[in-house]
Structure formats: C-alpha cells, structure tokens
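Step one of this worksheet: look at the structure below.
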Amino acid sequence: MEEINKTAKVQFFFRPFSADPKVQAVIFVAFLAMYLASLGGNALIAVTVQINHSLHTPMYFFLANLAALEILYTSSIAPLALANLLSMGRTPVSIAGCGAQMFFFVFLGGADCVLLAVMAYDRLIAIRYPLGYTLLMSWPLCVELMVGSLVLGFSLSLPLTVLIFRLPFCNNSEIYHFYCDMPAVMRLACADTRVQQTALHVISFIVLSIPLSMIFVSYVFIVATVLRIRSAEGRRRACSTCSSHLSVVLLQYGCTSFIYLSPRSSYSPATGRVASVVYTFITPILNPLIYSMRNKELKNALRRALSRI
C-alpha cells in the first residue's frame, strides 16, 4: 500500500532537447508549424471527402477516416510536447495524465496501422474485381472494417497501458522523451519490467507485423493483377492509386518497427526520440501531401474546395 501511495504521488518531467532556451524556442516553432500543418492538411482532406459526393466511395471513406485518426493521434502528443518545450521541461505530468496519453497514443496508432491494412485490401478488391467492387466492398462492410480497426486498437492499448502503470515509480522522474512512450517510461520503473517488455513486444508484433504481412500479401496479388492488364492507361491508373498508399505504409511502419520491434539492448533513448518525431509529427503532414499529389480526383476536389474558400 505504501508503494502504491508513493507511485500515485510521482510526477514525470520530459527532458528538454537542449539546455539552450533559444534552441528550445526554435524546436518549439518547428513542432508548432508541423502540428498546425498536420491539422490543416488532414482536416482539409476529411472535409473535402465529406462535401464531395463524387468521393463517397470506400477508398475515400477510409482515407477520410485515416485523416481523422491522424488528427487525433498527433493531438494526443503535440499539446503536452509544446508546453514542455516552452517551459524547458518544467511542466509536470501526473501518473494518470501520462497513462492517458500513452493509452490514446497506442490506441490511435494501432488503429492507424490496422486501417492501412484495410486500405490495402480495398485496393486489391478494386483492382482485382473491378466489376464486383461495389458489391464486395459494401458500405456495411466498410463501416465494420473501420469499427474493427478501432476496437482492435482499443483492446490492445488498454491492457498494455494498465500493465505498465502497475509498475512502481518511486521518485519524481525525468522521461528521456517528449511524450509518454512505452520504452522510455518503463526505463524509470524501480522494479523488474520483463513481463511488461514481453507484453510490449507481443502487442507491437500484432500491431505492426500482422497488418504489414497483410499489406504485403495484398500487394503481391495487386502486382500480379496489374501485370495482366493489357492497356498502359489501365496499369497507370492502378499504380497511381496504390503508390500513394504504399508510400504512406513505408513511412508509417519504418520508424515504428525500428522502435518497438528492436530488442531492448539495442534501444537508444536519443535515437528513439528522434525517430519518434518522424512518425508523430512528420508522417501526419506527409500523408495528405502524398495522397493529394498522387491522386488526380482528390487533387481536383481539393482545388475546387480551396477555390470556394
């Protein structure tokens, strides 16, 4: 009971990127600009898909939901990170606040990864069975796949967060990160973390490896189908709809796999913090840019929406 009371009173602090306030100010401006760009770009895609009836197809339904997830995902991290950049790491976060941030980060990040696998399946059906696409990808199925992504993210996030925050944290602790990431928080526990480390690797494997395997299998069938298309225009259209999704997959899975599937002995807090900037701030900016540049139909819809504004 005494150990639980001590843990409940613990406050975490995030280590600054630099001891120089001017450097911290520059990083703050960069993070703020990336956060606002991510919010603006993803919100624009979500709204554009919503108001354009020509985009009310399964492909754009999933894209709009991906944009909404990116907004929530980045917003679970950015405000606290920005506050700590301004305060030089003196803004405290409670155990409950840190746990809430970790839960939403894993929940939304996991749903994001599963949704990317769903989008690969959608592209496979569209290219392999174009005549039966609307029948195979019905709206009830699309909603079920979207809800399933959220449910899976939630069911994996909650037990992992509870398991980590059952660890005792005996003193005020400085997290070598800019948010409550799992490996960084577990390094501060004053107890054996082997069970939590194992759970993290198992859940990371489920969230990253299984959807990535599904994406790989989908693209094997997609490539086989594209090679059988006789017209050059048909192959070009098929490739254009897939290349943007594949670019996002490589960005999303590259850094997260590096952090969460690497053995604990090779984990570097400094490297982990830098890599995290990529998938928490940079990737959510690139997603709307990649889709808008690669997709002619979406590009035209965005151009019309901006001209109205």
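Every residue gets a Cβ built from N, Cα and C, even glycine.
Some features that TrEMBL has for this protein:
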TRANSMEM  25-47  transmembrane segment
DOMAIN    41-291  domain 'G-protein coupled receptors family 1 profile'
TRANSMEM  59-82  transmembrane segment
TRANSMEM  102-121  transmembrane segment
TRANSMEM  133-158  transmembrane segment
TRANSMEM  202-227  transmembrane segment
TRANSMEM  239-262  transmembrane segment
TRANSMEM  274-293  transmembrane segment
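Confidence across the domain 'G-protein coupled receptors family 1 profile' (41-291), taken as the mean pLDDT and rounded to a whole number, stands at 86. Between the transmembrane segment (133-158) and the transmembrane segment (59-82), three or more CB pairs separated by 6 or more residues in sequence fall under 8 Å, so the two stretches touch. Under the criterion of 3 or more C-beta pairs below 8 Å, with sequence separation of 6 or more, the transmembrane segment (274-293) and the transmembrane segment (202-227) do not qualify as touching, having fewer than 3 such pairs. Packing against the transmembrane segment (102-121) from elsewhere in the chain are residues 59, 62-63, 65-66, 69-70, 72-73, 76-77, 145-146, 148-150, 152-154, 156-158, 160-161, 164-165, 179-182, 185, 203, 207-208, 210-212, 214-215, 218-219, 245, 248-249, 252-253, 256: each is 6 or more residues past its ends and has a CB under 8 Å from a CB in it.
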